[in-house]
Amino acid sequence: MSETTSTNEENKPPLNGRRAIPPNYSNDEENEVPEMEAFGLIPRGFNPRDYLRVVDIYMFKEPQEINKQEHHTDKYYNPKLIVRRGQAFQIQIDFNRPYKPEADQFWLEFLMGRYPQQNKGTYIPVVVGNVLKPGQWGAKIIHRENNSIRVSIMSSATCIIGKFRLYVAVLTPYGILRTRRNSATDTYILFNPWCQLDAVYMDDEKERQEYVLNDVGIVFHGNVEDVKSRSWSYGQFEENILDACLFLMDKAELELSGRGNPIKICRVASAVINSRDENGVIAGSWNNSYDYGVAPSAWTGSVDILLEYYSSKQPVRYGQCWVFAGVFNTFLRCLGIPARLITNYSSAHDNNANLRLDFFLDDEGKVDTRLTKDSVWNYHCWNEAWMTRPDLPVGFGGWQVVDGTPQETSDGMYRCGPASVQAIKHGHVCFQFDAPFVYAEVNSDIFYTRVEKNGTQVVEKIDTTRIGQLIVTKEVGGDGMVDITEEYKFKEGSDEERLALETAVMYGVKKQSVQDTTYQPQTDVDMEFQAQKAVLGNDFKVTITFRNKSRNSYTATTYLSGNIVFYTGVTKSEFKKHSFSAKLEPSSSSSFDMVIKSSEYMSELLEQASFHFFVTARINETGKILAVQKAVMLEIPTLRIK
């Protein structure tokens, strides 16, 4: 290090007392890698040319060649190799002489960023072995001819995504010989929805074609009575777009080591898509004056916006919700995370996180704009990204809401999500991130409150059906509209929908400072849920038990929902709905049995599936809510062969 020049010293980030290595969040920066790494003193007669030496590396990186074809990356307009993680790809190495396995030893090195470290996943040595294990780093020789070998390389299904530099290292008695830095061998590694071990795995090929590989889409707007549509070009495969998307993660200062995790990537991206913090991609404008910029309705796609931002590093003006969502969709699909654009008609903007909209009326019954901070948007667009949620209980993977439109801050920044759609439907908004806000967007009640001269508030009317009247997205494989309202909420006005709302309020309300609205849970009744052992092909029984510890008689409106979930925790479908009214005698327990018939679930089954049950009950006399959820594994009968 002694001979570094002073310019290098100035560029070095200041070291602080807490870490020896500076933060590592640029995919573009590089470190110097020595071509000869000596083990000690080198004898005078040493000539590197006497040893196995790499003459050339062939990456099979053309769109029509094997790698891009098998990895579904042939559409990217990019000359370098692009592969998806957890799946094997091939390269050819030409040496200066035939490779002798018994005498020669070489390995591959993949590096990312300026401070590559093995424990951070930014320095990956790959040793050549005899067998490739699925979803783990490894390499094996599949063909030898003259001075050339063909190597099949498997990447880890959890490795970080981005652009890696590739080196081939050869062991000699006196040190390690490496290939020279060659940007032509750079390799992009992306998420892999085709790989079962990847967190973004999607099992339906038609859906993968749509949500990962389709580069055009439809945005629905207008209002419920008059739905309008416009086309949008995502352009995730266009020239420089992949680099622009990787730059967004650098801009958001996401540590390289965190870039294998789609939850983290979505969360930081939802902040960097808007310019409200850290000068993100698009500046929003909702006041009809678009000086020094382009009106939001003039954009027809994401490419111009991303390329302008990538070159100028300054927010592009201007966007509204569908522009944020269109660009976010491009980012997600480009990196290989399945994504779709959602429109919610009559979308609530709950300003104070109490899961209801407060419209204050003056003496004449008109809305008082001074007091009213909450609002209803004719429509609002956001995105759903598909992934498992190992950070949540089972059953909450699958589609997650992410929203790049700046509406409210979350942990101090304008961002939103990922929030599980399944958790929102059932009102379990205690699960990160930002589920109460999204819940309110699709299903809050509007409270019309009259403020009297002396300041007392009288609730005049509660509108329970206006918000989230219709939630739609583009159909798979076509331009039509598909109604997905039922994925977010139960039928408007049904008992289940009211129960989910009350559950959400129980879990999600920030405690109010006003005494009269503080929340008091029902402490004198307990509810438990038990399930018999579930064996494939057999009926099994589930039991809901209430213990009423009070001296009052109660009735409980109870709702049970049974869902089939993938082993990754992603819900496939609801196969059982049942509601009933339970009478609870004072100081006693009551149990209610239900039979889950095999005919109800067999047609919906998946391999390695389990059941996920939600039970919600409302004590009608007090209006209080009890909620419980449980995962039940399905046992497969053992087959005995005699």
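Every residue number used here counts from 1 along the chain in the order it is shown.
In case you wondered, yes, glycine gets a Cβ from its N, Cα and C as well.
Quick look at what TrEMBL annotates:
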type     : residues                       : note
REGION   : 1-30                           : region 'Disordered'
DOMAIN   : 313-406                        : domain 'Transglutaminase-like'
ACT_SITE : Cys321                         : active site
ACT_SITE : His380                         : active site
ACT_SITE : Asp403                         : active site
BINDING  : Asn443, Asp445, Glu492, Glu497 : Ca(2+) binding site
List which of the recorded positions His380, Asp403, Asn443, Glu492, Glu497 have their Cα within 10 Å of the Cα of Cys321 (active site), in sequence order. His380, Asp403
Integer Cα-Cα distance in angstrom, His380 (active site) to Asp403 (active site): 10
Using the centroid of the Cβ atoms of Asn443, Asp445, Glu492, Glu497 as reference, list every other same-chain residue with Cβ within 8 Å of it (recorded Ca(2+) site), in sequence order. Ser444, Thr464, Thr465, Ile467, Gly468, Lys489, Phe490, Gly493, Arg498, Ala500, Leu501
Taking all residues of the domain 'Transglutaminase-like' (313-406) together, what is their mean pLDDT? 89
Expressed in Å to no decimal places, the gap between the Cα atoms of Glu497 (Ca(2+) binding site) and Asp403 (active site) is 24
Given the recorded positions Asp403, Glu492, Glu497, which one is most crowded in terms of C-beta atoms within 10 angstroms? Asp403
Fewest other CB within 10 angstroms, which one of the recorded positions Cys321, His380, Asn443, Asp445? Asp445
